[in-house]
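This report concerns only the one structure given below.
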Amino acid sequence: MSARDAILAAVRANRPQGDHPLPELPIFPFAAEGGLVEPFLRNLEAMGGHGVEGGDIEGILRAQFPQANVIASAVPEYRGNRDLAQVSAPNDLADVDVAIVRAEFGVAETGSVLLPDTALTVNAVAYLAQHLVVLLAPDAIVPTLQEAYRRPEFHRHRYASFHTGPSATADIEGVLIHGAQGVRSLSVVMCPLKTGS
Amino acid sequence: MSGSEEPRRAEDGLPALLHEDLHTADDGGARGSGGERLSHGEATSRPLQPPAPEPQPRGAKLYHRKPVDHNEAAQRFIDAPRHAKMHDERLWDLRQKRDGQMHGLPEWEDLRELASTIKQHTLSNLGDYLEQFESQAKANGIHVHWARDGAEHNRIVHGILADHGARRLIKSKSMLTEEVGFRDYMASVGIEVVETDLGERIQQLDEEAPSHIVVPAVHKLRSDVADVFARELGTDPANDDVHYLAEQQREKTRPLILEADAGMTGANFAVAETGTFVVCTNEGNADLSANVPPLHIASIGIEKLIPRITDLGVFIRLLSRSALGSPITQYTSHFRGPRDGGEMHIVLVDNGRSARLGEPEFWQSLKCIRCGACMNTCPVYRRSGGLSYGATYSGPIGLILDPSFDRRRYSSLPFASTLNGSCTNVCPVKINIHEQIFAWRKVLAESHDIGWSKQAMMKAAGTVLSHPTLYRASIATAEGALKLLPDFMVANPLNSWTARGRAMPDAPKETFHQWYERTNGGKEEPS
Ligand code: SF4
């Protein structure tokens, strides 16, 4: 018998007694009177992210990363100097200082942004870059993770990742370090989607 | 509310330290843009003073065909007071942070109930969900393999790597690969394995197993890490600054990541509906492992299945809150198929899980989502360190998982518990952990091939729990310890914790009951 058939036969033979129906999932309310942007930004900051309420991308990049040499952009709002479409292997991106991408949506409850493969062009750019800047449309924020998982993205994309703040570790004595392996900082810029783009 | 304990509070409203001498004003950890101290991830909620260096106590000594002597290793951990205090403090802090998250979510108990019910449903229809997962994953272009046990898993992965001529594999933390002895196997066939999680990398370089399923190096002080890195990575042995150590690791690991031939991850969840698997990390190291090399292999235990994508809305909400007291991990990544030009393999591993499914008393342990909350709250675990269990899994969840891998070797572990029920109360998927521990005691006591005398069993949990200062702190924080302890257990020899000096070498002067009455359940006495 193949391993597959043996395992399937064993789990069927050992099926636990009793009736265990699959529950319906209720949606629990999320208390946010003044809209979702404020709790989103607050929760993002608590996770070590940096929220920017708006402004021009050029100015934000210049102010935050004056030293940046290599900027890879996956958004029409900013022209970087590294074309992600021309990357032949992910490790070509090892020298990227700043990557700029657009999130599909945000989650107020946690301050997370969803970055699918199509938004990244090369998945690895979101981890190999030293810093990550994410554009998020203020009207693309859902209240909680429960609503987030009702969205279609999870059925469409081969890869999609919630980023909530930068790469972090406190594996040594509980001291928090940003930039454990991936990006050292994550900024989320509130930036409406341009109509037509 | 279940799992809730009212902690002593300091003036700033945060829970008071268990060990006041660890207090400090600043630990140099990351701050937010407003200058405020951050405590996301596994960071402590208040800064702790680094204790002066002290030799690291090592884990249980393993002998062929002999039960692990948890007691002996626990004693050595207790005898290293700086390690023991820091360990206790950090884990208790994770537990307090978890409570804070729970209080912030009115639907907490509903979510736990849902998580438990979804897992029970999946496990009792596991054959169908595994088939659905397999066919969806295949339709998405993923290669799916099946492994009956650890050896088969290792052979399959070796085969995939050999087909690609892969010499170096980068991987993220996975308890399953610990369980199956993956790194040792790969070393034996000449394939280099590089762990990319900081804590796991420390443990790999020090040739130790992870001592905790979420924070693998939590038993180590910064001075221990500085020693390991100086020895293995050539860093400055005199520099034990945490920023320096973390940055050195980043710099030394990155070239290995960039040049790796293959990447490996585990999975926290596998979704039958879409063939997706989900990996949660704080460092982003799983995403590097998966997205930089051309080949990605994911090792997934068959119990990780859940039916629907929407079920993630329950589990992701619970996982990091329970594990770290953080609303979510920094990265929650959903893999549904290989990227263009990449190749993706899944190995579905049984390794004893299907057999456990058939054990009426123990099958619910398969609901476990490996959050570690039961470990953080366990007084024995916090005081003895994970390596004292001498097993892949330690703490309460370890007590009920390990004996099913090797009954004889781990026969003493189910006795390393107070049965106070705190583990059960914090478990996000409502596993009746302390009842299963008790059930294992019965199984092991009735089993003749173990070679344990009743006295030796009693001694097993003796050391940690017979030190008044040690268990005082633990009990002071354990919710309703007595309420949860039925009378019959108190007089039962299987419950070694209440044996009160009958067979214990180091019995407390004051019995637990006397102490409990005198201090109003620990509330009137600082730990
Ligand atoms: S048994 Fe429960 S509390 Fe312990 S690790 Fe598993 S899920 Fe978490």
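Cβ atoms here come from the backbone N, Cα and C positions, even for glycine.
Annotations in TrEMBL come from automatic prediction, not curation.
Per TrEMBL, the features are as follows:
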COMPBIAS  B:1-29  compositional bias 'Basic and acidic residues'
REGION    B:1-62  region 'Disordered'
DOMAIN    B:358-380  domain '4Fe-4S ferredoxin-type'
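Averaged over the domain '4Fe-4S ferredoxin-type' (B:358-380), the predicted model reaches a pLDDT of 95. The residues of the region 'Disordered' (B:1-62), classed with DSSP into helix (H, G, I), strand (E, B) and coil, number 3 helix, 6 strand, 53 coil. For the domain '4Fe-4S ferredoxin-type' (B:358-380), the DSSP counts in helix, strand and coil order read 12 helix, 0 strand, 11 coil.
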